[in-house]
Structure formats: C-alpha cells, structure tokens
Amino acid sequence: MMFKCVNNLVPEYLANMFVPRSHIHSRVTRSCNLLHIPRCRLSSGQHAFTYRGCKLGGLSNKLYICSLPESYGVGKEERRKVVLRIYGPLYDELVTNIGCLIADSVVFALLSEWNIGPKLFAIFPEGRLEELLVAKSLAREDLAKPELSVRIAQKTAEYHRLQLPLRKDPDYLWNTISEWSKEALQTHFNEQDKAVKLAKLKSIDLKKEYDFLRNYLEMATSPGPVTFCHNDLQQGNILRVSKELQENNEEDFDLKLIDFEFSAYNYRAFDLANHFCEWMFDYSVPPPQYFSMSLKSWPSKEQQLIFIRAYLGKDTKENNYTPAECTIEESELLDQVNRFALASHFMWGLWGVVQERLNSAGNGIQFNYLAGFAFLEVGAVRSKNTTNILLKNFLDAFIGAVAYWLFGYAFGFGEKGNGFIGYSYFALADLPADKFSHWFFHYVFAASTATIVSGSLAERTEFKAYLMYSVFLTGFLYPVVSHWAWDVNGWLFIGAEYTKDNVTRTVTFQDFAGSGAVHTVSGLVALVGAAIVGPRIGRFVNGVPMPLKGHTVPKAALGGFILFFGFLAFNGGSNAAIAGEGAANDVSLVIVNTVIGGAAGALTSLIIKRLGFAEKHWSLLFTMNGGFTGMVSQCSGCNTFHPYAAFVIGIVGGITYVAWSIAMLRFQIDDPLDAVAVHLGGGIWGVLAAPIFNMKTGIFYARDNHSFRLFGWNVLGLVVIMAWCAVLAFSFFFLLRLLGQLRVSKEVEIKGLDIPKHGEPAYPVESYGNGWEIPSEERKIPFPFYQTSITTFVNVIPTKNGQSKEPAMQHGQPGQAIYQNEQPKVNHSQIPLDLPDKDTSLENPGRKPSVEATDEHTYGNMDTAF
C-alpha cells in the first residue's frame, strides 16, 4: 500500500497516519481532511512511501521494514528505510497495559534523545516508526561468551542508572503477575495439547503461589534496590551495532537495547535474574514451537559472578574472567538474583498463556452446515413432505439454541463438573464474555447432530416426537459426550497415565473435529431411531427394497455443495485458536486434508457404483455421500494427517459408505438420506484412523508401545460413546413407540405430512394455474394470453379415464406429450389410483385434480399400491 502527496507537509505527518489495516484508504483520507493537507491520495505512483512485506520478527509486536523508492530523494537527516512497529494484542486487549503503552512511548522517546536506543521518528496509536539499525541480534550462545556478557552487564548498569519521570516503586512486578494470573484463569483452549497444559495450570492455586512468592522475596529477604529496569533482557532485545555501520565489522561494535514496552521501575535483581533465565531459551526455532529450552544453559556461579562484577563496575579482566573470592556485596546480589529467578519464570509463564489467548482468532462460523443439510434432505424426500423436512431443519437451529443455552452447554463445558458431566453456566449464567464464541461453535455442532437424525426418520415420524428428541439430543445426549471428549475435565480428554521404563506418559482421546463426538453420536442415534420407527410404506416389499426417490436432485446437489464448504469450516474452525503463523498452517493442513479425503471418498464410491453396486450408473447422489463419508472420516485427526494419509483414509471412507449402505438394505432399515452409512460408518472409521495415521504418534509411523496404547484409548472411547448413545436412544424411541407418539398414521403418511400436519404444501396446485379461470369482469378484455395460455392450462386437466378434453399443452408431464383422445401410458407412480371427484385436501370443492408438472415419481402416489 502506498501513500503519495506533493505537499511539503506530508513527510512530517506521513508516519502518524500510516495504519496497516484494511480501512487504510478511508483512514488516510479522513486524516488528510482533518489536517487540511491538500492533494493527498493513495497511489501506485513512483514517488511513494511503501509498506514492504519484509518482516523482522518480534514476539509481542510485528516489525516491518518501510522504505522509499530509490527514485525518491532524501535529505541528510532523513532515512530511506525505517522500522514500522505494530503493537501486539497485549495493548489492544488489556486495559491495564494502556499505562504500559504510554510508558513505552515516553521511555523510547527519552532514550532516543539520549542516544541510548534507536532514533524515534513518529508515534501513532497502533505503533511507531523508528530507526533501522545496522545491527545483529544476539543468539543464545552469545550470552555465555565472557566478553559479550561483560558488555551486556555494563549496558544494563547504564540503563539502571537512568532517571525517568515514572513511578519509582516495585508494584509493576506484582501488579503484572496478579493481572496476568486473572487473565490466565479466564482463558480456555479447544486444542487438546494446550487445554491439558492449561488445566494443569488452573489446578494450581495461583493466588496462594503469588502470596508466597511476594512474601519470600520482599519480607523474608532483602530484595535489593529499585532501579529503572528493562525487564525483558532476552537476546533478541540486545543488538550488536557496528560503529562503522558495517555488518561485517566484528571488532568495533556497540550494544543497544530495544523493545522497552515492559520497562518500569523494578527490583534490579529481577532484571538480572530474568537475563540469566534467557540464557536457557532459544527463540530462533521455527513455528509452531517458536522456542526451545535447555536447563543446562543456566549460567554457573562463575559465569554469574563475571556478569555481576562487570555490572558493579569492577574490572573482570584482571583475572582473565576468573572470579576471585566473592565480596559481601557480590554475594548479596548473587543471592537476590537467584531468588528473583522464580518471579521471572512465574511472570513470563503467565505471559505465554495470556499472549496465546489474545492471539486467538476465535471460532470458525459454520452455520451454513445446517443449510446444507436442509437442502440435501429436501432433495432426498418426496415433494409431499418438503415443508415438513424444512420446518424440522429450521427448528433444529431454534430448538437447539434454546436447549443448548439452558442446559446443553452447562452439561458439556461447565467450569464446575467432573469427568462425566459439567454443572455450571446454566442459561449461560456467569459465562465469561470471551466464551460466547465457544458456545456458538458447539451449539452448531449440537444442532447438526439433531439435523442428521431427522433425515433418517424423515417422511413418517410424528412432529411431536421430533420436537422431543431434538431437545433430548441437543440438551443432554450430545453435551455429555462432548464433555467427555473435549472439556478439560472430561475423562476421555484427560486420558490415563502409565509408566514404562521410568517414564510417565499420558494417552488421550484423539477427536479433533468430531468423528466420534458428533458423527458417531448422530449416526448411531439415527440407526436406532430408524430401526424402531420402521421403514416407510412401500420401501420394502417381501424383503425386496423398492426405490422411493427424492423429488429434486438439483436441490440435493445444492445442499451437497453447501455441505462441502460447511465441512471446511466445521473441521478448520475446530482449531479454535489461530495464533501466529504456525497455527494458521495447522488450519491450512486441516482444510487440505478435508478436501483430499472428501475427493478420495467421492471417487471411490463413484467407481464402485459404476462397477456394479445395485445398478451400473454414474450416480450423483452416491458420489456425494461417498465424499461426505470421506470428510467425516477426516474429522478425528485431520490436523495430524499427512495429505497422502488423508487420501488413503478417504478411500477407505468411500468403501465404508458402500458397505454400510448395503448392510442397511440387508437389514431392511429405511434411511432416506443414507445418514447412518455416512456419519456412523465414517465416524467409526475416523476415530480408528486418528491414532493409526497421526504423523507423530500413529501406529503407521511410530510402531511403539505408546502408539498402540493411544489406539486402545480411542477404541475404548468409541465403545463407551456407542454404548451410551445406543442405550439412551433405544430407551427414548422405544418409549415413544409404546406411547403411540413416534409414527404418523398410514393415511397421513400416504397423503404426505405437508398438508395434514402443516397445511402448507411445498408446491401448491394453485401455483401451476391448473383450473384457474379468468375473473368475469375481465373476460371481455382482449388479450391473446387469455385465449391461448390459460386455455392450455385448463385443458391439460385429465378426465378420469386419463383423456384430456382438447389438445393440451405439449408437456403435460415432464418429457411427455398428451394429445386429444390419446390414452396416456399409465404409471402407478404417475397418476393416483383412486382420485376423488373433489380435491378435499385443498379445501376448494369443485376443482378437478391435476397432474402436477414438476416431477414424475415423487408425490407418493405409488404408496396405495402396496
């Protein structure tokens, strides 16, 4: 993005107006208007201040190089390249750090004037522009070099002697630890490894630890003097600057300190202890780990004395960096420093948790998942049940919202609870604001569970029964399983520890995006429900399956496309915390694996169908379901699979779908959408595949005892989940069947649920113009349409013997021509076998029934033949 202005005032204001945000254009324009700067504009012109994509690094902030084109001249005091520093989320989110931001700006400005830090060119709300130093940051191994350690100690002592207009008490340390403790306790993660670590942190009484540490450092011992401290003396904040401005000058150099956002008056012992702690850390490790730690790198007593003597102004070169016997002053400072190392670990450990929370990008919104199911189910049912299935899908969202709000989320993710169930946050009472997105994400999961089940029970289930099982699923059955698998207190999530060869390890349940907690649950409930409610009338005749085709393949295909993208959000959003480049790469891997797995499943099922399953056709619906099964099978481990493993898993998923689909027909269980084959078959395979193909701990790669234990834990979790769902679902549906509240009557099922139950046919007869006549007052209006089109519509109405009164329109049925006095080919799936003289269902006596011109097989007219 470039900013161009020919006004001479612009160089002074340019940096103050630079904001690397999506709304930069309007922001710059507004700033120019306020400053009355004429002829300012965003431009791609040659003379422009350019925001380069050259990132320097930074843990808390984002650092970039900004430069002017070579064609743009600069004065002696100007810089062609500067550093653009964009403040990190600690400044944006934590109110307590507004003072930190102000202090950082004041400190940086003063140090710039005193030539201690980099030059300051401009400050703006989101960051600042500062001097680009020709320098090199130190590495971890540099800190242990005696000559560099001495120089760092001297620079630190110089820094501690500064007198700045800030509060000179050590409350900064304790206030920061206290505030970050509160923030850490309010944090939650969905990623299993992070959540386990956070759960261990939350099990510690941080308030008690805080009180002990403060008493230990301030009351029990002498904490030492308070000075102006940097408080973050890690190697990346210490630059080796060549005095000759040449990077290859290894002899003549100076050290400069940077990054003063944590600078404040503090105990000097903390600043030195924190520096010694940084000897153990290496921040050059690429993401997603970002750092490594070596306890062996903690400085020895001799190394600490070299540093402390240089800090106190003594010449350490007299003994060739070999310390003599400690003086009292050196011993006291050495003791204070080693004690304050505890505070350094405490403070920066909490910082890591808070930083991860603030960097979280929230949850992926995959509400379109429900829309995909709605269209898919509409396409799979006959037209006489379209309104019914659409209303059920809407109510999945509405009933699910109420049930999950009142008690579902409390059972699933209540902060108070045990390994089996949670019991806080009922009606979201006392739920922290940062968890509302977490509620929404899992609410969509819960609603999706009910939607999957409704497809398997379509076209013959009582509406009251649907309302009851929707509340039951979203409010209790699914939340309990989600608590086991995903909540930090759940027994599957916590796992089990074992010790082998004096090494203690933990096995946990691997279900990243719900192969077990969502798809296996919904698939098994759908299987039990479909078996108890029984097949639709005419689905099986003497044990032979008869096709009851859905009424619109295009709408089913539309639902398939929506579901395809919904799966990407469903799986990708399960990462829940996108922090930095590494986690973004994880999400990318999830999406890639989901796509590849779905493609493999779709192609596999397509080929199997063409080779001879049922009929040798290139089936669209069969291909879609195979693709969905491939995606479902990715859910448990799509964040840990190599793409080639995702392809293999998808192939097995496609085969799994075919096998389950055949089994459902063999056992005469009617599932209009093949939801059981897709979700139960794919879910079971996904739970088993996760510990097999995990690229780090999977059996396919590790082949050790731990990998087989992980597989065993997933199998145990799968068995318990299936047993839980089977027992509760059987009890629930069987009770409804005993009470006569599960299935509609035969008459209602034959007629269809839309008109008897809802009074709203999806395709009203009136909408086709059949039987419509011109109003009497308009009959004399000459208009050719009345003489042709309307007559054509009226004449298409057949008589009881199947003949039309006059030549009718060319397409009385899709793809057919009906001519006068020609007996049409009668198909039991085409024309009602026993039509009444009047259409009583539409409450319009006297109108002759018509053959509706939308489809050929799906009005259910064949049902009376059985």
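Note: Cβ is positioned from N, Cα and C throughout, glycine not excepted.
What TrEMBL annotates here:
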DOMAIN    370-763  domain 'Ammonium transporter AmtB-like'
TRANSMEM  394-414  transmembrane segment
TRANSMEM  440-458  transmembrane segment
TRANSMEM  465-486  transmembrane segment
TRANSMEM  512-535  transmembrane segment
TRANSMEM  556-578  transmembrane segment
TRANSMEM  590-608  transmembrane segment
TRANSMEM  643-663  transmembrane segment
TRANSMEM  675-693  transmembrane segment
TRANSMEM  713-736  transmembrane segment
REGION    825-866  region 'Disordered'
COMPBIAS  835-858  compositional bias 'Basic and acidic residues'
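If you look at the transmembrane segment (713-736) against the transmembrane segment (465-486), you find at least three C-beta pairs under 8 angstroms, all six or more positions apart, and that counts as contact. Comparison of 440-458, 465-486, 643-663 by number of C-beta pairs under 8 angstroms to the transmembrane segment (675-693) places 643-663 first. Counting C-beta pairs under 8 angstroms (sequence separation of 6 or more), the transmembrane segment (440-458) reaches the transmembrane segment (512-535) with 3 or more such pairs. Residues of the same chain lying 6 or more positions beyond the ends of the transmembrane segment (465-486) and with a Cβ under 8 Å from any Cβ of it are 190, 392, 395-396, 399-400, 403-404, 406-413, 417, 419-422, 442, 445-447, 449-450, 453-454, 457, 492-493, 509, 511, 516-518, 521-522, 525, 529, 717, 720-721, 724-725, 728-729, 732-733, 736, 741-743. Within the same chain, residues 370, 374, 421-428, 431, 438-439, 442-443, 446-448, 450-451, 454, 466-467, 470-471, 474-476, 478-480, 482-483, 486-487 sit at least 6 positions outside the transmembrane segment (394-414) and bring their C-beta atoms closer than 8 Å to a C-beta of that stretch.
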